[in-house]
Amino acid sequence: MAAAPLLLLLLLVPVPLLPLLAQGPGGALGNRHAVYWNSSNQHLRREGYTVQVNVNDYLDIYCPHYNSSGPGGGAEQYVLYMVNLSGYRTCNASQGSKRWECNRQHASHSPIKFSEKFQRYSAFSLGYEFHAGQEYYYISTPTHNLHWKCLRMKVFVCCASTSHSGEKPVPTLPQFTMGPNVKINVLEDFEGENPQVPKLEKSISGTSPKREHLPLAVGIAFFLMTLLAS
């Protein structure tokens, strides 16, 4: 029985608003991009690998994962950092900030996943904020002496719409807007003739022509009611 009021409410909601309700309180929906962070991913072993995202997109980082029969002490474990361009090129995390740690390589059922949302504003004081048109850099350092010591990735936040990014749009000037020190003489275009201005009708003493016939209409209505009652 509780589903009936909900169904009635959905029927009353205009169709254009349904996609907005499906987005939830966060606003615009973003796409998800997946990267498997391990030495077998050859893209991470070379400089220049770039993932392009839009504002409000998600980047899912999947840590190395092994089943119970996999290797023990030789399993890959990484600490991921967000660094600047110099730290990205030299694979130096000393000036970076620690983001995630992949240290549960034998997690049950599925690999550990970390997600980064490229949002313009963060609700947390220490949260990360991302801007359209900027590049961000991620590297990792292994906790064991592995052959592939440097895994790195570049993320480019592409140009999203203003509704996604939350940034105020730059106002576009109308075509008739002119620069400073330009005088516009509107009346000179009429060469002395008065422009045709529409005339506004105004009721006298606040009475409308329809109100003048009101007593007659009331009298006719009263006459018809009397005739029907007889």
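Quick reminder: no glycine exception, Cβ is built from N, Cα and C everywhere.
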**Item:** Cysteine from Cys63, Cys150 that Swiss-Prot links to Cys102 by a disulfide bond
**Value:** Cys63
**Prompt:** Which candidate, Cys150, Cys158, does Swiss-Prot give as the disulfide partner of Cys91?
**Reply:** Cys150
**Prompt:** What subset of the recorded positions Asn38, Cys91, Asn92, Cys150 lies within 10 angstroms of Cys63 (disulfide bond), using C-alpha positions?
**Reply:** Asn38
**Asked** Which residue, out of the glycosylation sites Asn38, Asn67, Asn84, Asn92, shows the minimum number of other Cβ atoms inside 10 Å of its Cβ in this structure?
**Response** Asn67
**Asked** Looking at the disulfide-bonded residues Cys63, Cys91, Cys102, Cys150, which sits with the largest number of other Cβ atoms within 10 Å of its Cβ?
**Response** Cys102
**Request:** May I ask for the distance between Asn67 (N-linked glycosylation site) and Cys102 (disulfide bond), taken between their Cα atoms and rounded to an integer number of Å?
**Result:** 15
**Prompt:** Which whole-number value in Å describes the distance between the Cα atoms of Asn38 (N-linked glycosylation site) and Cys150 (disulfide bond)?
**Reply:** 10
